[in-house]
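Here the structure is laid out as structure tokens; the discussion comes afterwards.
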Amino acid sequence: MTGEQKNIAPIIRAEALTKNFQGMVALNAFDFSVNEGEIVGLIGPNGSGKSTVVNLLTGVLAPTSGRVLIDGKDFTGAAPHVVARHGVVRTFQMIRLFPSLTVERNIVLALQEQSGPGYMSSFLNRRNAMAWHEKAACKARDMLALFEMEKHAHKLATDLSIGQQRMVELARGLATNPRIFILDEPAAGLSPINVDRLIEMIRRMRDEFGVTILLVEHVMRVVQAVCDRVVVLDYGQKVADGKPDVVVQDPKVIEAYIGLGRSSHA
Amino acid sequence: MRAIFLILVAAATLAIVSTVFGGGYAINIAIVVCIYVILASSLDIVMGWTGLFSFAHAAFLGIGAYTAAILGRDFGTTFWLNLPLGMIVAGLFGFLLGLPLLRAQGHFLAIMTIAFQTIVYLVLSQWTDFTGGQYGIEVEPVAGFTTLSSYFYLVLVIAVICLIAIRFLTQSRLGDALQAIRDDETLARTIGMNTKAVKLVALAISSAFAGGAGVLLAYHIRGVTPDDYTVLASASIVAMVVLGGRGRFWGPVLGAVLLTALPEMLSILTDYKHIFYGGVLILVTMFAPQGLAGKFSRWRAR
């Protein structure tokens, strides 16, 4: 309970979060929080429960027991779109963009669902809706420019490379001014050059835009380069929580990764 | 804007061809074509744009038709009141069906629509006191549009209005939202979309258009009988959308025109219409899963 002693209220907080899948415990009494402006890494071997944590925090799954608090309010079991509208925004391990929409429309749609006028009010007040839409398109282009993707704005998302699609995903999330941006293995499938670019962009999102970030990652290079704090999961339990260089020395962490009689991990 | 221009050109062509070159028979076909264009285009809102397979579209057609017939019989209301009311009642039923329906997905959803379609048919045919049972209800022609050609122009104008409305709808931000749900519903939810509400709205709008088409059909054949609103009729509308091409504005229009006009022109086909539809459906899914409109746009892209 080191971070929580301070007076800053955590943006997101899990209290004794537990998830069973048909008797198998995927996550067991997980306590954890992310404070404003932090970049927290969540690491652990395959099947340790990282994705379950993300799915519980974003409302994709409902916990078996325990609570999820966002800005101190209880969001346990809330629908994903409700959680998203409170600024908990995520990316996916397998890149997810709408293939039928252009890159720009992918971002505009996210802005619209987060903060745009409702369908009814935009139908009734067309001028207002169009002005809003114009602003959203501007914002989308600014974001794309930030990620050096502006020339792809009118392409279909599926016509881009994996690295470019990843940048669009980040641009989509950042555009909505998230309270907390959860990145689910953003380095997966990226070339070393793109990983460097990813590291730079994660830093800039926090330093220039003040975005709080929860980074779920396998690639230790990324974790060590950007994270202020690292939480380690093994078999659905938290085994460590601290500064990256301290955590990697922790014998429990080494055991989780190298393992005793368990297959090791890249 | 180009699409609206093309709609008007197509409507004018249909008007000229059927009145100048054909007699009453051709006009009859043209009216049915217009009604089925509305049906196929509106079904495509849920089937093509949102990705929900529905075999209940003829049920909403029937609900619209019977709303008009029953209101006319019991309250003597005119066409101009019955048309919006038929749309509203059908839209309401679409919304109500959506509440349990959207808990299911994929094939289960399709099966539930067949069940709903069957229930509606049974109610129409068995609740004799209210619906007239197998004899149905007679409908007086629309005052001022009693001749066949004048009624044709009325239907044509309404069909054009419906098409323009559907065009606006699918090009609007709601259209983007529908495509997003079809592409990846989980993602749509995680970017903050209340996908269930959006799907309900889509189903209600689509059903309302089908109800409107039902009112037009009731006044055209001057009566309603339950056998016009069976699951076979629903399957025909599905065949039109699939043949023309799902999720493309011109797809269902093309499919409706072809599948309505062809069996009438090749009179041999008329008796075997549903076999013909079935065959078309199988061939299209095998050789042109994106439909004719999909094939065209592929050729153009080359």
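Even glycines carry a Cβ here, placed using N, Cα and C.
Away from its own ends, the transmembrane segment (B:25-45) comes close to residues 14-15, 17-19, 54, 57, 61, 148-149, 151-152, 155-156, 158-159, 162-163, 166, 169-170, 178, 202, 205-210, 212-213, 216-217, 220, 237-238, 240-241, 244, 246-247, 249, 251-253, 255-257, 259-261, 264 of its chain (Cβ-Cβ under 8 Å, at least six residues beyond either end). Residues or ranges marked as transmembrane segment in TrEMBL: B:25-45 (among others).
Residues or ranges marked as transmembrane segment by TrEMBL: B:52-71 (among others).
Here TrEMBL flags B:83-102 (among others) as transmembrane segment.
As annotated by TrEMBL, transmembrane segment applies to B:109-128 (among others).
Residues or ranges marked as transmembrane segment in TrEMBL: B:148-169 (among others). Sequence-distant neighbours of the transmembrane segment (B:148-169) (same chain, 6+ residues past either end, Cβ-Cβ under 8 Å): 3-4, 7-8, 11, 14-15, 18-19, 24, 27-28, 30-31, 34-35, 37-38, 41-42, 45, 83, 141-142, 175, 205, 209, 212, 216, 219-220, 249, 253.
Taken from TrEMBL, the feature transmembrane segment covers B:197-217 (among others).
Within the chain carrying the transmembrane segment (B:229-245), a Cβ under 8 angstroms from the stretch's Cβ atoms is held by residues 36, 39-40, 43-44, 47-48, 53-59, 61-62, 65, 113-114, 117-118, 120-121, 124, 214, 251-256, 258-260, 273-274, 277-278, 280-281, 284-285, 290-295, all 6 or more beyond its ends. Per TrEMBL, the feature transmembrane segment maps to B:229-245 (among others).
The transmembrane segment feature in TrEMBL is assigned to B:252-269 (among others).
Annotation source TrEMBL lists transmembrane segment at B:275-293 (among others).
Panel annotation: around the transmembrane segment (B:252-269), residues 10, 29, 32-33, 36-37, 39-41, 43-44, 48, 163, 236, 239-245, 276-277, 280, 291-293 of the same chain, lying at least six beyond its termini, place a Cβ under 8 Å from a Cβ of the stretch. Note on the transmembrane segment (B:52-71): residues 39, 42-43, 46, 77, 79, 81-83, 85-87, 89-90, 93-94, 97, 106, 109-110, 113-114, 116-117, 120-121, 124, 130-131, 136-139, 199, 202-203, 206-208, 210-215, 217-219, 223-224, 226, 228-231, 233-238 of its chain, located 6 or more positions outside it, place their CB under 8 angstroms from a CB of the stretch.
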